[in-house]
Amino acid sequence: MQKIKLTGLSLIISGLLMAQAQAAEPVYPDQLRLFSLGQGVCGDKYRPVNREEAQSVKSNIVGMMGQWQISGLANGWVIMGPGYNGEIKPGTASNTWCYPTNPVTGEIPTLSALDIPDGDEVDVQWRLVHDSANFIKPTSYLAHYLGYAWVGGNHSQYVGEDMDVTRDGDGWVIRGNNDGGCDGYRCGDKTAIKVSNFAYNLDPDSFKHGDVTQSDRQLVKTVVGWAVNDSDTPQSGYDVTLRYDTATNWSKTNTYGLSEKVTTKNKFKWPLVGETELSIEIAANQSWASQNGGSTTTSLSQSVRPTVPARSKIPVKIELYKADISYPYEFKADVSYDLTLSGFLRWGGNAWYTHPDNRPNWNHTFVIGPYKDKASSIRYQWDKRYIPGEVKWWDWNWTIQQNGLSTMQNNLARVLRPVRAGITGDFSAESQFAGNIEIGAPVPLAADSKVRRARSVDGAGQGLRLEIPLDAQELSGLGFNNVSLSVTPAANQ
């Protein structure tokens, strides 16, 4: 009995694993094909569509069928044409709806970015919207494939040629040239492609710099004093420690005014170049030009463990330095914008999901860049084209049937191609730091050396003290703040 129970449990587990392995996959209507080879028979590298798959894309299949057509599915099922309201039931037919055994999902390829040279905002926009090969033609063909009429000028028979580009407020309008007259229904009503709502987002990973000019360290101050041992025994178990805060002053210039429009999506840290230590941060969602200089403070320390003979003193020297660095820099900013198509849809076929045939005037806006919403996202609509009712805008399956999958993939890849603009300028920084604490040869104390000086630092009452003049105001003017000297017992004697 126990073995039977275990066997039954194994079958249940095996069945569950098989069910997981055979999870439903999307059926892309543009890859369906009708074979007239008999019930349940498909051509090479195709298989019959089953009942569940046909149900998931029922409206698409029925839309490709004749009024009273009946076509076969897998396992003895059939689907009936629009005259039968697309009913799916057991039955027989002489032809079969089939699907590839190795379907192509047909993702939109991602092309390398189109780089626009640095310039001010109008320069960058102008270069983009006047680029015939990389912008005007791809967007014109998008409008044409979606069913917009007259996407070309009067002096050319081809889509996207003889196009005029005009300034429109803060944006641009691309439209076929209307000079010289034309023939055809409403041929003067050219489709307009409006480009507007430009935005620029800094790409921190794109940082590059030119030749670095870095000065050798420059001595700005030498502090000299004494470590004094008033006791009758040598002192060697103490650390002399210099602590200070130093500021690094930095500035950047921006070559063009586009930097005022560029924002940082996330908190941004300036990359380190050379030996100058910086900790520059620009907050998220700030203009790149909002912070063109400042100062960062770092706390530093230096230590030495001197050996001072009995009733002796040794000279102590601390040298303070500064260093400069400068270089030209470049970042890239990701350019995003709205692409609005305005015109009337062709009566002979258009991709609006209801496929109107009364030549309606139609406006639709796509966002080229970061995702905003479903209605404006080409990639979202394309990826979800296999779900009837989810995409209530454009019928991308229709565009594939009319123009071919590879044609649509190529066109949409060019429309969605990332665009980047150069952000250039010059960066400079100055930092301060202390060199090592230097110790000289011991000198015997004079007979009156027990008289303490006001600026001495005691070594925990053990006879070791420091006599080193520190002018806080002077040191602050040199970029060194909160300067202190201390004598403490060594931790690892």
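Think of each number as a place in line: the chain as shown, counted from 1.
Glycine is treated like the rest: Cβ placed from N, Cα and C.
In Swiss-Prot this protein carries:
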- C42-C98: disulfide bond (DISULFID)
- C182-C187: disulfide bond (DISULFID)
- 68-84: region 'Interaction with host N-linked glycan' (REGION)
- 346-355: region 'Interaction with glycans from host GPI-anchor' (REGION)
- 1-23: signal peptide (SIGNAL)
- H155: site 'Important for oligomerization' (SITE)
- K374: site 'Important for heptamerization' (SITE)
- E390: site 'Important for heptamerization' (SITE)
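Where Swiss-Prot records a feature, it is marked here on the structure.
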residue	record	Cβ within 10 Å
C42	disulfide bond	22
C98	disulfide bond	25
H155	site 'Important for oligomerization'	12
C182	disulfide bond	16
C187	disulfide bond	14
K374	site 'Important for heptamerization'	13
E390	site 'Important for heptamerization'	11
To the nearest Å, how far is the Cα of C98 (disulfide bond) from the Cα of E390 (site 'Important for heptamerization')?
23
If you compare CA-to-CA distances from H155 (site 'Important for oligomerization') to each of the recorded positions C42, C182, C187, K374, E390, which comes out shortest?
C182
Looking at the recorded positions listed here (C42, C182, C187, E390), whose Cα lies nearest to that of K374 (site 'Important for heptamerization')?
E390
Across the region 'Interaction with glycans from host GPI-anchor' (346-355), what does the pLDDT come to on average, as a whole number?
93
When you rank C42, C182, C187 by Cα distance to E390 (site 'Important for heptamerization'), which of the disulfide-bonded residues ends up on top as the closest?
C42
What is the separation, in Å, between the Cα atoms of C187 (disulfide bond) and C42 (disulfide bond)?
45
Cα of C42 (disulfide bond) to Cα of C182 (disulfide bond), in Å and rounded, measures 49
For the region 'Interaction with host N-linked glycan' (68-84), give the DSSP counts of helix residues, strand residues and coil residues.
6 helix, 7 strand, 4 coil
